[in-house]
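As structure tokens, the structure follows; a few thoughts come after it.
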């Protein structure tokens, strides 16, 4: 849901951040001669996107009257770095300064402003420019804040839900939805100061098919991303029709092909099995012929062997019996 206070808050931050977008500082040699009207101390919060160039300006004081210019840089967790320029000797001096990306914008006698070539998260901190002149001291103080654009992802979830995520942004991104839904947001802070925001929303209304996730951040403005919702039971039915039915049809086709192959193989084997009895019958023919031919011999041999065994007992009845057997 879009909230007015969130939108206003973003707008205010953008206005504060305009200063960081300046590419040049006022010409110190064209400032008013009456420096008494200049504020002695100015505090400014500066927002710079990571990877961009930052330019921090000293007070608009005529350099012809400058005695000493000093930049004091206090980064988180580090000792203060001091960069100074002495006008009478034109000497520069550095103390506890190791970051080579932080330098003078030009030669100090022409432009004592400070520049950071590529802003990183470790450059967050306090930057102070002090200018000493015969009339007093003037100071510009900057609280430098680094902006990190988040990586945005969005995707549909289950049961008519949608997820929108802004990963590792600084400051934390704001996420809203159109139309409104039942939403839950979760923030996860990281050790480097960035924040991941994850918003999950659910819509009961079946007529809502497309929703919009709006991600608001200082570096990117408002991004509107569309997400197509699933249709619950209709979606399951669609998945069933789309995936399951074609699979079943493919299985049926494969089964029919297998059955046709099996049936064809059986038909090919049937003539071979029908010819087998003929072969067996042909193989048995010689044995059958031999038996028929050998039976008379067997009978003759049996008769011949029976006659000698009966010769010692031949009498009237036995002779008739033997004669009958011989016939």
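Each residue, glycine too, has its Cβ placed from N, Cα and C.
Here Swiss-Prot gives transmembrane segment for one range in the set 198-218, 219-239, 240-260: that range is 240-260. Looking up 29, 35 in Swiss-Prot, the residue bearing an annotation of N-linked glycosylation site is 29. Swiss-Prot gives the label N-linked glycosylation site to one of 34, 315, namely 34. Between the alpha carbons (Cα) of residue 97 (disulfide bond) and residue 164 (disulfide bond) lies a span of roughly 42 Å. For the pair residue 96 (N-linked glycosylation site) and residue 213 (disulfide bond), the C-alpha distance works out to 47 angstrom.
The shortest Cα-Cα distance between residue 201 (disulfide bond) and any of the recorded positions 58, 81, 159 is the one to 159. Checking each of the recorded positions 159, 183, 187, 222 against residue 81 (disulfide bond) by C-alpha distance, the shortest gap belongs to 187. A 10 Å cutoff on Cβ-Cβ distances gives residue 129 (disulfide bond) a total of 22 other Cβ atoms nearby, all chains included.
For the pair residue 183 (disulfide bond) and residue 164 (disulfide bond), the Cα-Cα distance reads 11 Å. Here the C-alpha separation of residue 129 (disulfide bond) and residue 159 (N-linked glycosylation site) works out to 58 Å.
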